[in-house]
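Noted in Swiss-Prot for the protein shown:
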REGION    1-67  region 'Disordered'
TOPO_DOM  1-107  topological domain 'Cytoplasmic'
COMPBIAS  14-37  compositional bias 'Polar residues'
TRANSMEM  108-130  transmembrane segment
TOPO_DOM  131-149  topological domain 'Lumenal'
TRANSMEM  150-175  transmembrane segment
TOPO_DOM  176-195  topological domain 'Cytoplasmic'
TRANSMEM  196-214  transmembrane segment
TOPO_DOM  215-233  topological domain 'Lumenal'
TRANSMEM  234-259  transmembrane segment
TOPO_DOM  260-468  topological domain 'Cytoplasmic'
DOMAIN    412-447  domain 'EF-hand'
BINDING   D425, D427, N429, D431, E436  Ca(2+) binding site
TRANSMEM  469-489  transmembrane segment
TOPO_DOM  490-502  topological domain 'Lumenal'
TRANSMEM  503-523  transmembrane segment
TOPO_DOM  524-943  topological domain 'Cytoplasmic'
REGION    677-943  region 'Disordered'
COMPBIAS  678-687  compositional bias 'Low complexity'
COMPBIAS  744-759  compositional bias 'Low complexity'
COMPBIAS  760-781  compositional bias 'Polar residues'
COMPBIAS  798-810  compositional bias 'Basic and acidic residues'
COMPBIAS  827-842  compositional bias 'Polar residues'
COMPBIAS  857-880  compositional bias 'Low complexity'
COMPBIAS  886-904  compositional bias 'Polar residues'
COMPBIAS  916-943  compositional bias 'Basic and acidic residues'
Amino acid sequence: MPNPNDVTIDIPLTSVSSRGQTGARNNSTNIPNSPSGGYSAGAEHNGGAEKGGLTSSPPSSSLGFGHRRRRTINDKTGLPAEEPEDGTVTRMGRFYQAVLNFSTVTRYLIYIAPLAALLAIPIIVGATAAEDAKIGGVSLPWFFCWVEVVWVSLWVCKLVAKVIPFVFQFVCGIVSAGTRKYALILRNLEIPITMVLWMIVSLVTFLPIMVYNPRNKREGDTETKSWEKSVKNVLFAFLVCALIFLGEKTLVQLISISYHRKQFDARIKESKRNINLIGILYDASRSMFPMYCKEFREDDAIISDSILLGGPETGRPGHSRSNSAAPLRFIRGVQQNVGRIGGKITGALGDVAHEITGKQVFNSSAARSIVSEALERRRSSEALARRIWMSFVIEGREALYLDDIMEVLGAGKEAEAEECFTMLDRDGNGDISLDEIILAISEIGRTRKTLNHSVHDVDQAIHVLDNLLATIAFIIAVLVFVSFVTSGFGTVIAAGATSLLSLSFVFATTAQEVLGSCIFLFVKHPFDIGDRVEIDSKPYIVQRISLLYSVFRNVNDNRVTQIPNVVLNTVWIDNYSRSSAMQEKLTIEVNIDTTTEEIQALKDEIETFVRSPDNKRDFHPDVDIEVSGVGALDKLELTVGLFHKSNWAIESVRAARRSKFMVALVAAVKKVPIRTPGAAAEDAAAADGDRPDDKPDDAEQPPARQSSISEGIRHPTVPDDSFPSDSKSTGVDLGRPGSVQRRGASATAATGNNSAGSAYSETTLNNTVSEPYQRSFTPNTGDRDTDHYHGSMSSPVTERHLGVSHDSIARKASTASTGRRRAGIMTTANQSLASPTTMQSESALPPHLQPPPPLQPSSSQYSQQYPQQQSQSPYSYTYSERYDQPESSLQPLEHTTSYNQSLPQVYEYAPAADRNSLEGHSPHVDPRHMTEEQRRNYESRRL
């Protein structure tokens, strides 16, 4: 049943025609098979699978068109087999390749026999049928005999040159093992040595065979003919040229061997040793956890880099494969089994070869072979590192220690265990984390690859140098050849020298560049392939090294830069890859007022950071901070010295470590805290802006406000809204007897800081209150709810104020017009002093606007301290009148501006408290603190 709340019910939908309701092919649909015998999914499951046959060939394929024909590709050349003109090896080429795969003796017999048989025919004919036949005065058999000797001696000399290195290594290796390296030179000089030996044999056998053969001796014709002398000179010239060629090749090989020994020998040995140690660890890991076990199945598949062994045989979870995959899965399983069986057979043959030769020969299952192959790729290197680390580390630990390696390798291999641990513990902190071992093994593989690339590029540079020297040797050989052939040797030398002198001006720059490049590359050699260098303050990665130039990649933007070696020979080059643990210095500018204690606190914070467990693998525990400058006496320049535990060869690692340290440095500076330069001046400016104004408050008021204040309390303009709304006052309208007005304004309010006394505001004829005197303060009690009644029994002119007791401050009746604080009257301990601003503003008011002074508990004190004086108020009564008539001095309640001032007002007054009824009590006792008897007496008198 559809959901009635579904918003898609009433949406009109357009009907779309289709062949079926589900959109899939009907089972009755017939799809023709491919005529080419291709794979058709529909052919296998034509009736069972719902979508079977959807990938089969279209009907047009049955007609022979619509598709590209298949072409057979040769695996060796990568070219179609039907196009021999594109460089495909012909049958003769395939035969030659088959011959090259034969043994040395068989191959040489194949080389020698055909031509030797052809040369033997004239010899046989001259010895049997044409005995009198001669060539240049030499009988036919002996002439072709010398040619046969020349041809056969070429291959014999080649065999001798091939055997010489082994003989030299066997003989000289017994005397000194260090001389074995020269066997490599002899092996590389096989062709030059062959040419020299061949020329020697040809020259030595020419005259004896041509001139001094037995037939000439019988005939007495032993004189050397002119053409024989010329041939002898030519052979001698060829011998000299062969010697020059041999010398040039020997020089190149000596440069190559000495250079490789100087630059790469130590690195090659270290790389081989590291691979051997990793092989030991991997072999121990395999002994604990066999290959392809459930713990390391994926890692072993990655290490072996085999598609057949990688991944599970089943599909993804929740996905069932169709039956069409069963044959492929069967083939895959067969291939897996065949591959493993083949590996076992190869391993068995390798074990036999190891027993015979003592070396690992074609043993693909050997640990060293697997490690060497795994280090070629980053992914397999990481898998190898994970397998070793996880198999060695005990459960519950987060790092690999030396005792773990010793325990796994067993007794008697403590030296190998320590060497393995030293190789992997690059930071030297005593433990190896998973990230650290991955980084170490990946670095070993990367070093191995860069070393191979460096050797290859240097070999290319040496090859270029070889070609250059070979060109020079060829020029010299031509001169030597000409000198031996012609009679005027001096004339030829003079002509050649003149030619070289004229060409020296043309090739002077090139010769200088070549010589400088050779010195830079083979003598100095400041970098290798893959090194991170800095040239003219720009970081680069070396990509290629040639004889005359080098190619770099910029680290910042990946630009490729080519620089001539003669230019690099004149600049400073910083090589980060060849450096050990590096130090970094950062300069920060701080405030000039920074103290030594703050600098030491900053150093402690940074040392805490570098010594934490997360960072001790990257940085050394020591940090240097020094004051390197003071600028223009406005700042301090601090230099922070940070010691890394590795170099900066890997840019990503260096950038991550530097970013982490910079964030920690900023956090430490904020935590101390250390201010930036100029922070003190900014604080002083902010303090000046926040300083209170010393001028009176009335001076800052607008002129209109000042004029209203100076006019006195008779002309108030602005009501004070700061009074609390909980005070009460009552107004009685004379026109309406019994009517009472309640207004929520108050005449008592606390002043901000001026608590030395309180002032009651005057009641004017206009029944308004002036703002400066609307505020009064009730100390400590906060009593703002006292009702005050205003009546009309006394006129405003003869109005008296009632003194009310407020805790420790006793308020006596006073003249409202004076409003001044008496000198010598101090506040009590529980009152806060008035602020200077308030006091100054009060003193700046006119005399008739000053607030009344605070009153003392005893009236006698006031009479002694303050003599009677004439009030400055315009009212007719004096200060003494208020104390002489306490019963008639009724304190009015202030009112707000909310009531109607146009109505006639009647004020009620509360009678003053009788002092005699409060004997034994201080006159400033609050009625709320009285006893019941005192309260009743007070209420009766008040009413």
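Backbone N, Cα and C define each Cβ position, glycine as well.
Because the structure is a prediction, the values reported are computed rather than measured.
This view paints the features noted in Swiss-Prot onto the structure.
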| residue | record | DSSP (3 states) |
| --- | --- | --- |
| D425 | Ca(2+) binding site | coil |
| D431 | Ca(2+) binding site | coil |
| E436 | Ca(2+) binding site | helix |
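Note: the topological domain 'Cytoplasmic' (176-195) comprises 18 helix, 0 strand, 2 coil (DSSP; helix = H, G, I, strand = E, B).
Taking the centre of the Cβ atoms of D425, D427, N429, D431, E436 as the Ca(2+) site, the nearby residues of that chain (Cβ within 8 Å, site residues left out) are A399, L424, R426, G428, G430, I432, S433, R617. Listed as Cβ neighbours of the topological domain 'Lumenal' (131-149) (distance under 8 Å, sequence separation of 6 or more from its ends, same chain) are residues 116, 119-120, 122-123, 125, 201-202, 205-206, 209-210, 213, 215-216, 221, 225, 227-228. With a cut-off of 8 Å between Cβ atoms, the residues of this chain six or more beyond the topological domain 'Lumenal' (215-233) that come close are 136-139, 142, 203, 206-207, 484-485. Put simply, of 108-130, 150-175, 196-214, 469-489, the stretch with the most CB pairs closer than 8 A to the transmembrane segment (234-259) is 469-489. Take the CB of E436 (Ca(2+) binding site) and look out to 10 A: across all protein chains shown you find 20 other CB atoms. Long-range contacts of the topological domain 'Lumenal' (490-502) within its own chain (CB-CB distance under 8 A, at least 6 residues past either end) are made by residues 479, 482-483. Counting residues per DSSP class in helix, strand and coil order gives 13 helix, 0 strand, 6 coil for the topological domain 'Lumenal' (215-233). Sequence-distant contacts of N429 (Ca(2+) binding site), defined by Cβ-Cβ distance under 8 angstroms and a gap of at least six in the same chain, are K616, R617. For the domain 'EF-hand' (412-447), the model's pLDDT averages out at 86. In the shown protein chains, 19 other C-beta atoms lie within 10 A of the C-beta of D431 (Ca(2+) binding site). Long-range neighbours of the topological domain 'Cytoplasmic' (176-195) within the same chain, counting only residues 6 or more positions beyond its ends whose Cβ lies under 8 Å from a Cβ of the stretch, are 154, 157-158, 160-162, 164-166, 168-169, 242, 245-246, 249-250, 253-254, 257, 261. Packing around D425 (Ca(2+) binding site) is summarised by its Cβ count: 21 other Cβ atoms lie within 10 angstroms of its Cβ, all protein chains included. Other Cβ atoms within 10 Å of the Cβ of D427 (Ca(2+) binding site) number 20 in total over all chains.
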